[in-house]
Amino acid sequence: MEVKATTILAVRRDGKTAVGGDGQVTLGSSVIKHTARKIRKLYKGQVIVGFAGSAADGLALMERLEAKLEEYRGNLLKASVQLAKDWRMDKYLRRLEALLLAVDREHMLLISGNGDIIEPDEPVLAIGSGGDYARAAALALYRNTDLSAREIVEKSLKIASEICIYTNDKFVIEEI
């Protein structure tokens, strides 16, 4: 059975970055969990990572990113590049089905199994089934209001939860 889930959104404004995710996990046509935690702080609280896709795969990739962060002393960009290289070249890792969104004080990155590391033009990034809805809402709020990063994440995730059937309104939000 295919496991679908998640909207993860990151917004940076005025030196603060907020990353939020919903808590829904869907198996087939049933919601099996409402309060899953899909974002974590890594490397002494200096990096926030969220995942979309298979939970086991996402957690495995988070662990590997954490090891790379330790190896590269918290340098998110270098750790992400090395993770993406490993992910693309390793026969086992290539089968993992997840996307990572990782942020620190300087960078906001989408990391994929294709070897992609994408940093957005504007300080708004989203992944997952409701990611496009959350990103559109966040960009509108970012461009047209003075809301904080956290407020933009909250309001945008709420909008995504009203549109995407794989996204609920049980949010976890972390800030750095």
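Glycine is treated like the rest: Cβ placed from N, Cα and C.
These come from Swiss-Prot:
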| type | residues | note |
| --- | --- | --- |
| ACT_SITE | THR6 | active site |
| BINDING | SER161, CYS164, THR167 | Na(+) binding site |
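The Na(+) site is set by SER161, CYS164, THR167; from the centre of their CB atoms, other residues of the chain with a CB within 8 Å are THR7, ASP22, GLN24, SER129, GLY130, TYR133, ALA134, LEU157, ALA160, GLU162, ILE163, ILE165, TYR166, ASN168, ASP169. Distance noted between the C-alpha atoms of the residue listed as 'active site' and THR167 (Na(+) binding site) is 5 Å.
Close to CYS164 (Na(+) binding site) in the fold, though at least 6 residues off in sequence, lie THR7, SER129, GLY130, TYR133, each with a CB less than 8 Å from its CB. Just so you know, the Cβ of SER161 (Na(+) binding site) picks up 21 other Cβ atoms within 10 Å once every protein chain is counted. For the recorded positions THR6, THR167, the ranking by surrounding Cβ atoms (within 10 Å, all protein chains) places THR6 first.
When secondary structure is read from DSSP and collapsed to three states, CYS164 (Na(+) binding site) falls in the coil class.
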